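Undergrad: So Swiss-Prot has the following annotated:
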BINDING   TYR23, GLY49, ILE50, ALA51, LYS52, SER53, LEU54, GLU196  ADP binding site
Amino acid sequence: MAHPHLLAERISRLSSALEKGLYERSHAIRLCLLAALSGESVFLLGPPGIAKSLIARRLKFAFQRARAFEYLMTRFSTPEEVFGPLSIQALKDEGRYERLTTGYLPEAEIVFLDEIWKAGPAILNTLLTAINERHFRNGAFEEKIPMRLLVAASNELPEADSSLEALYDRMLIRLWLDKVQDKANFRSMLISQQDESDNPVPASLQVSDEEYQQWQKDIGAISLPDPVFELIFTLRQQLDNLPNAPYVSDRRWKKAIRLLQASAFFSGRDAVAPIDLILLKDCLWYDAQSLNLMQQQLEILMTGHAWQQQAMLTRLGGIVQRRLQLQQQQSDKTAFTVIKEGGMFSRRPHYTLPPEASASTLTLLLQKPLKLHDMEVIHITFDRSALELWLTKGGEIRGKLNGIGFAQTLNMEVDNAQHLVVRDISLQGTRLALPGAAEDSMPAEIKQQLETLENDWRQQHTRFSEQQHCLFIHSEWLGRIEASLQDVGEQIRQAQQC
């Protein structure tokens, strides 16, 4: 077996070769390649003339000796046109019912069936057996068929509650394609002279029969770690609780997990990673509504839970809350406290300064800086006699902001705990404290918790960085996940700096 990273590089180069000359079809080619390498089926939905058949033809070149079968279904299609005509000689000479399958679906590795929903019941029933069991009943004998990839296409979805649903459920990967959108790509497509029948894949990249068979065994050996299973189960529960969510059978879940194993294997990993779960968005939808729903649910899972983003933010919220509690406790201890005076029947309570405030001028620190009179203020200097007068009779109180300039009018009050509180123009307030009493440093408990959280964030970011090299995942998803992790990291850093 090739080294995992060499295999991943080879599959990447193989995909690039298959994508050559096809515009805005990279994701479709890659997922069809993944389906072919893992023996799954694909449904392509989209209008006529958008290279659906060309995608299927290209996949033939991924293998060294692959045969292809292509057919356009109509309401009048017969099993003979898909599975081969009856052998007149066998029927006449030996009385045997036998089909001549050479050149037809039973002997093809790559199969493309266009307008699939127009197939009649006789074709559908035989096709179901071929997809499920990779067997074809030819007369009295069961023949194993070599089909590695079935690509079915249509410009419409099957009708609900129809006989077509059983076949639709067998199409594991479902892709919704559209016309070429980008102007430059559209121009390149128009002037391209590439022959669509040419083989764009070097022989050194093509997959041999022996490699293909060995890889099927290797895919099954890829592990599903418990944390990844928990994410899958969470998604399943979310879908079960949504009223408009599509029904996903146990069979489809099982086949989808094998696809995730294949994604991990061909990305050079020995275990399914959270990044592989993004593929589920192309496996679990049924119609346009459920397609959008799956996109939303996967985005919630990937940007909120797959790398512990929401859990880390919850922990951060708890740490910040604990820090506020400690700060409040410290604030109560260090705040400048005045002495309440006055009789029971006084209209207005009045206060006196504590004994330790004996100097003729008092400098009091703001426990939290405020912007007062267009200045960032960290301490205020008061004339002791003016402060005593204000505490006794009320009225206007002035103080020098940061101890400089003229004394400025202040919005100050005594709170219920007999602490002096100064407020800014938006009425945000902070208590005043004597110099030497304020505690500005972060509590050791909080500092340790934030450092631990930051280390956990770094581990999650490293995990994502190591796993993001996945050929089958669109780069837009990687950008969203990276942004979600960076947002968590920024909030942690801001908390450390406060």
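From the backbone N, Cα and C atoms, a Cβ is placed for every residue, glycine too.
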Undergrad: When you average the Cβ positions of TYR23, GLY49, ILE50, ALA51, LYS52, SER53, LEU54, GLU196 for the ADP site, which other residues in that chain have a Cβ within 8 Å of that mean position?
TA: LEU22, ARG25, ILE55
Undergrad: With an 8 Å cut-off on Cβ-Cβ distance and a minimum sequence separation of at least 6, pull the same-chain contacts of ALA51 (ADP binding site), or say none.
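TA: Looking at Cβ-Cβ distances below 8 Å from ALA51 (ADP binding site), excluding near sequence neighbours, one finds LEU22, ARG25.
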Undergrad: Tell me the Cβ neighbour count for LYS52 (ADP binding site), meaning other Cβ atoms within 10 Å of its Cβ, over all protein chains shown.
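TA: I get 23 for this one.
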Undergrad: Is it possible to get the count of other C-beta atoms within 10 angstroms of the C-beta of TYR23 (ADP binding site)?
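TA: TYR23 (ADP binding site): 18 neighbouring Cβ atoms within 10 Å.
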Undergrad: For the binding-site residues SER53, GLU196, which one has the sparsest Cβ surroundings, going by other Cβ atoms within 10 Å?
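TA: Checked SER53, GLU196; of these binding-site residues, fewest Cβ neighbours within 10 Å: GLU196.
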Undergrad: Under 8 Å Cβ-Cβ from ILE50 (ADP binding site), six or more apart in the same chain: what's there?
TA: LEU177, ASP178, LYS179, VAL180
Undergrad: Near the Cβ of GLY49 (ADP binding site), how many other Cβ atoms are there if near means within 10 Å?
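TA: 9, counting other Cβ atoms within 10 Å of GLY49 (ADP binding site).
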